């Protein structure tokens, strides 16, 4: 039995609020159960030096957690003077996943800067960030079209992206782990896919106990089922 009472193949309740903030070109509050992440996509003129004069755009992502998004307060990373390795790893993952969905040759020399800020954490913050950010990017691209920054016929979005966590909890494969499950899981895996059914990234780690190829296949099957439901529900 899962602590939440959910079936092993059951997602948490999903909720998306578009235009959650008024300044960003795209903004989405995404909620997976008690995990809540604010995802914004800002369009900035210009590109990094390595992209200058290429005619192409760029997309980058940042990730952070509010001090009391967790059970006990943590200091802001800005106050500590550096980002943790975990934060750097997560924002690289978010950036990679999102760049796989956007044709950067079609947005001109503009940069889409994605910010994912965890308001409340209850497991799956990185996968929620990827999913919410993909929606925010779609809204930002619509803004660019409506404001003459892109031709109405231009479609930089090659696909949408969604992600979900799976794992082995109490010796059983489960979908969409919350904090209680994630902190006690024998295996934790994150899967990122696009709306065309393609795989973008799989991260899987055994926590003190290995997992079999059969268990991997079951977890992957759960992830594919969950991501399909996410696309049908909120995209």
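Here, residue 1 is simply the first one shown, and the rest follow in order.
Each Cβ is built from the backbone N, Cα and C atoms, and glycine gets one as well.
Within 10 Å of the C-beta atom of residue 125 (phosphate binding site) sit 25 other C-beta atoms, taking all shown protein chains into account. The phosphate binding site annotation in Swiss-Prot covers 86, 124, 125, 126.
Neighbours of residue 126 (phosphate binding site), defined as other CB atoms within 10 A of its CB across all chains, total 23. For the phosphate site listed in the record, the two most distant Cα atoms among 86, 124, 125, 126 lie 14 Å apart. The Cβ of residue 124 (phosphate binding site) lies under 8 Å from the Cβ of 32, 35, 164, 165, 176, 177, 178, 182, each on the same chain and at least six residues away in sequence. Within 8 Å of the centroid of the Cβ atoms of 86, 124, 125, 126, where the record puts phosphate, the same chain has further Cβ atoms from 63, 90, 118, 121, 123, 127, 128, 129.
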